[in-house]
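Q: Pulled these features from TrEMBL for this protein:
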TRANSMEM  65-87  transmembrane segment
TRANSMEM  191-214  transmembrane segment
TRANSMEM  275-295  transmembrane segment
TRANSMEM  302-323  transmembrane segment
TRANSMEM  360-379  transmembrane segment
REPEAT    403-436  repeat 'TPR'
Amino acid sequence: SIILLGIVIYGNTLPNGFTYDDHFQIEQNEALRTWSQFVHRTSLYRPLTKLTWFADYHLWGLNPLGYHLTNLILHILASIALYSFVWRLLRRHWSAWAASIIFLAHPVHTESVASVANRGDVLAAVLVFSAWALVATERPARWASAGACALFILALLSKETTAVFPVLLLAQRRLLPAGQGRERTPLSTDLKLVSPLLVLSAIALGYAGCKLFITWGTFGQTWGSMGHSLSGGRSYGEILITELGAVPVYLRLLVAPSGLRADYYFPSDAPLHGMDAWLGLVFVAGLITIACLMLRRAATVSIGLLWFILFMLPVSNIVPGAFFVAERYLYIPSGGFCLIGAVALDRLRRAGAPSAMRFQWGATALLAVVTLSFSWLTISRNREWRDDLVLWRATLRENPLSAPARTNLGLAEMARKNYHEAIYHLEQAVALRPDLAEPHNNLGAAYGEAGRSLDAVAQFSVAAAIAPQVPKFRYNLALAHKEAGQIDSAIRELVRVVELWPEFAGAHYELGLLYLEAGDLEDARRHFALSGRNARDEPDENGSGRTNTR
């Protein structure tokens, strides 16, 4: 029934195309083309997820259907793994079945399942739920413990946020037996089971921390580079306070998943100490209080709440990231919500005398209503992931002040050569976030495609002024100057580009052309030679080789 329901709910994702980050992660990802490129270009950052993309590419090429089929299969497997875990934990088939179908049908999972780029959440869930199922009993066999370690390693290689799993496992083993009539194992036994997993988590977190430090230098530089568009100039403390405002949003998405969107954009002038932050603090305190109060009466509820809290921590901007709220962040944490819902329905089903069929039918009917409602919402939401135009128009209907949605819709229109529409949306994005370089760069690209060279120069100039050390913006400015016939200005900007990145072949080649046109044969030969000797792609916003403007 789980497999059939999964096909019914998510079957309509199969005709969908690539959307959003799929273009960069799949269509433009040269690492997927050959094994040698994959090995050479793929870092240890979520390599298992990337390996599944590599396998899909060599099975399906760039046919989106195959990638969506893999996501569908993985989501069904995650639901089956959740069923297995809950059954081994509670020994109640009905509870396990209820938890798995609520998880399977929940609309908040559409972003993870319908988007190929977000496969890491689904793959990690399959692995961590399976690992948990192996060690959910009081005294798991040695082979089960070894298997859990192996699966946990794979989960960490899929998505590093699973590093909190050992803490949750230890809590489950210490807290749950008191309320379930199960044999209580000694603390030493539980520590012996969990210790290898804790070591693996420490290694994974240590690697992630070293990578962050090496790549960005310091935490402050990391925040400056990664979080500027998110923070609106906020301090780290203000970011955490603002993140509290996301807690009620996440809880609403779990209980009443309406108004789903690809971007939950927080305006840069949102009040930092307003009602949202205080409400979030109240909700967090309430969740912790309920978890403590339910330890003896219903320890499973405490485990479910702890499940949600622990798995939300890594995506709560403790290390600043790109978003305050994203539906995909709920994929694994929502398992705790599904567990609580299933246990509550099962208690209702078993209320009263054994012969009181009204409770059994009532609980089953309530589960059916929830499942049907969630399924309908999910099927409807899947259609909005059909292509970029549909996705971002739907996002703007829910969140018209989203600069990322305006940007992505503008880029989608530009890809279809609808320059008038593209310019409209990209101008709106600039108006919403004039402090960021990327919206100006995108608008400049649209002006250039529409033949408005001087307007393109103006926008690229603003982008270069905001981020003077980013080669891409100066390179685009140079090309706009060239298109406008401003050769001296183009040469000046290209010289600055090669100073910032001496190995940038494209800039050397353009300089060679301009010097040749100006009659400076010596400089032309020099830059043509450098162009041939340093064959590198164009830089992205961090100078790392990405050519598109997303």
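Cβ from N, Cα, C; glycine included.
Surface or core, plus neighbours and distances: that's what I need for these features.
A: For the transmembrane segment (65-87), same-chain residues at least 6 beyond its ends with a Cβ under 8 Å from one of its own Cβ atoms are 2-3, 6-7, 10-11, 13-16, 18, 22, 26, 52-53, 56, 59, 93, 95-97, 99-101, 103-104, 109, 112-114, 116, 119, 122-123, 125-126, 129-130, 132-133, 136, 335, 338-339, 342.
Within the same chain, residues 175, 178-179, 241-248, 251, 301-302, 305-306, 308-309 sit at least 6 positions outside the transmembrane segment (275-295) and bring their C-beta atoms closer than 8 Å to a C-beta of that stretch.
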Q: Give the mean pLDDT for the repeat 'TPR' (403-436) on the 0 to 100 scale.
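A: The predicted confidence over the repeat 'TPR' (403-436), as a mean pLDDT, is 95.
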Q: Go ahead and report the DSSP secondary structure tallies for the repeat 'TPR' (403-436): helix first, then strand, then coil.
A: 27 helix, 0 strand, 7 coil
